[in-house]
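Enquirer: Below are the structure tokens for one structure; questions will follow.
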Amino acid sequence: MVSTNPPVLPISTTATDTTNQPPIVTAVVESQPPVVRAFVNGVTETVCGGLSRSRPWSELLDRSAFTKPDSLSEAGTRFRKNSSYFRVNYVCIVALILGFSLLAHPFSLILLLCLAASWLFLYLFRPSDRPLILFGRSFSEYETLGGLILSTIAVIFFTSVGSVLISALMIGIATICVHGAFRAPDDLFLDEQDHAASGFLSFIGVPAIPSVAPSASSAASPV
């Protein structure tokens with residue numbers, strides 16, 4: 001009897017499924033880093049651009065320029081001029097005081113970092129077309145935003161974070177107020193208009209002081 005080989009049956013594999021899955025997973029994973037990278041690059045460029053417009057610290061701390069104001073109105077005028085001229089330096093001083101205060105209170109720093117990470121990864125960097133899923137439950141955009149707002153209120157007002165932030169801000173504001181009131185601005189504002197229009201965090205700055213050159217020329221012209 002002649003033996004015949006059994007017919008070869010086609011065997012189906014799931015190779016197509018495995019080959020199609022990695023690109024989908026890769027696309028999902030790689031869709032997040034560019035957003036984070038763009039955010040970090042934007043913040044870095046903003047900070048570096050603002051710091052490049054700061055005034056020399058030797059000019060800020062020039063001891064020969066500190067004099068006692070004659071009146072409260074003069075102190076207010078000095079502060080207004082100095083805050084416009086040293087706006088970037090003042091922001092750096094407040095930021096340094098705030099940073100040292102948080103470093104002195106590690107628990108508050110950890111809570112604040114966790115809160116910031118929650119806002120970044122659960123709301124800002126999360127795709128808007130994908131709902132947030134936690135513990136098997138899907139949360140809508142408004143539910144996520146409401147939860148983050150309530151968490152922020154709870155962390156700031158019911159923990160030590162609020163007191164640390166408020167005390168640091170008060171110390172920083174008091175420091176720049178004292179400096180602005182006692183620093184005589186007679187030698188300042190030589191090129192103020194170039195810097196006031198593009199200052200660091202310009203939304204906290206005061207409007208630029210107009211130049212006195214046009215008024216002086218108009219006063220010198222004959223009637």
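Glycine is no exception: its Cβ is also placed from the backbone N, Cα and C atoms.
Bear in mind that the values here come from a model prediction, so they are computed numbers and not experimental data.
Taken from Swiss-Prot, the feature transmembrane segment applies to 83-103, 105-125, 146-166, 170-190, 196-216.
I would like each feature placed in context: is it buried or exposed, what are its neighbours, and how far apart are things?
Expert: Here the transmembrane segment (170-190) has Cβ contacts under 8 Å with residues 60, 65-69, 75-76, 78-83, 85-86, 90, 93-94, 97-98, 101, 209 of the same chain, all six or more residues outside its ends.
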Enquirer: So what's near the transmembrane segment (146-166) in sequence-distant terms, Cβ-Cβ under 8 Å and 6+ beyond its ends?
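Expert: Residues packing against the transmembrane segment (146-166) from afar: 98, 101-102, 105, 107-108, 111-112, 115, 118-119, 122-123, 139.
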